[in-house]
Amino acid sequence: MLFDYINALLKKPTLRTPIWVMRQAGRYLPEYRETRIKAGDFLTLCKSPELACEVTMQPIDRFDLDAAILFSDILTIPDAMGLGLYFLEGEGPKFSNPLNTLSSIEQLKKPNVGNELSYVTDAVSVIKKALNNKVPLIGFTGSPWTLATYMVEGGSSKNFVKVKGLMYENPVYMHQLLDKLSDIIIDYLNGQIQVGVDSVMIFDTWGGLLNKQSYEDFSLQYMTKIVNGIKRKFNGKTIPITLFTKGGAMWLEQIANSGCDGVALDWTVELNDAQQRIGAKVALQGNLDPCVLYASPEKIREEVKKILSQFQGDTGHVFNLGHGISPDVNPEHMKVLVDVVHEFSKR
């Protein structure tokens, strides 16, 4: 089956500009909040294939979206490596066994992805059955650098002094960690592809913390390794891959040279500028400021039309926000967004 989302990433003809939204299955939906209560806690929600399917399908059932994204968390990999992931209400993710010594990096185990992360591939199988070819399914991972920031800091951070200190003081150990994570991620994404995801995305949430040389050495190098390591053809279909470095507008050319099919943009770069810079090489995803969804429906329509009018051509653009949708957005405003994108981009 031909999907506009896949075709846009591969620069094939589309009937309209496809749209999906980062965190489209999430707390802004009342049905998600009900499922979250039923699960008891966030990790249980992630680790139950049936519940993960339920929340993945909620935005697909409610809105006319062009893709579903697997409901999971980027930190499932470090959890499987023995770091002990847990969540505190209002504080985000924490690790009970962070990488706070050089020896802890050396001794870090490489999990058997097929066994220890089987709940993720099981969820993909359940979701694919539920989707019944209505829309494609996106698999994903965090980038090695982004995973490393949480693993070394022990959770979220305001200034990231531990991980950046390790990078500057002991780059050999940092590279050892990133290389190990890259190998695991390749296995992880290939596992998702083998059970049915139609495309994959790498979220480099914290790549924008770095300067140009550090970004190339400690983030982009390893994402490029992953791009080269995953199955790009499977079961007769092409599996496109999208990279997203939040705060990465200055490195668009380098990201586009990684071999990826799509580059996701945050809202700090103009879409027409990005298209001039890299549009000949890759498809673009983005890039409405998530806070626009707090505005009136009329303003949402106006801002969406601005972005759509910036893009030149009939394919190669996937509409999205420049980051995840906020938890307190009115779901009706999400519906306005989706409907307006389709209305104004119909070929």
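Along the chain as shown, the residues are counted starting at 1.
Every residue, even glycine, has its Cβ placed from backbone N, Cα and C.
When the candidates His175, His317, His323 are compared with the substrate site entry in Swiss-Prot, which names Arg23, Gln24, Ala25, Gly26, Arg27, Asp73, Tyr150, Thr205, the shared residue is His323. Under DSSP, Tyr150 (substrate binding site) is assigned to a helix (H, G or I) in the three-state scheme.
When the Cα atoms are compared, Tyr150 (substrate binding site) and Asp73 (site 'Transition state stabilizer') turn out to be 13 Å apart.
A distance of 14 Å separates the Cα atom of Arg27 (substrate binding site) from that of Asp73 (site 'Transition state stabilizer').
Within 10 Å of the Cβ of Arg27 (substrate binding site) there are 14 other Cβ atoms, across all protein chains.
Taking Cβ-Cβ distances under 8 Å and a sequence gap of 6 or more within the same chain, the neighbours of Asp73 (site 'Transition state stabilizer') are Phe42, Cys46, Pro93.
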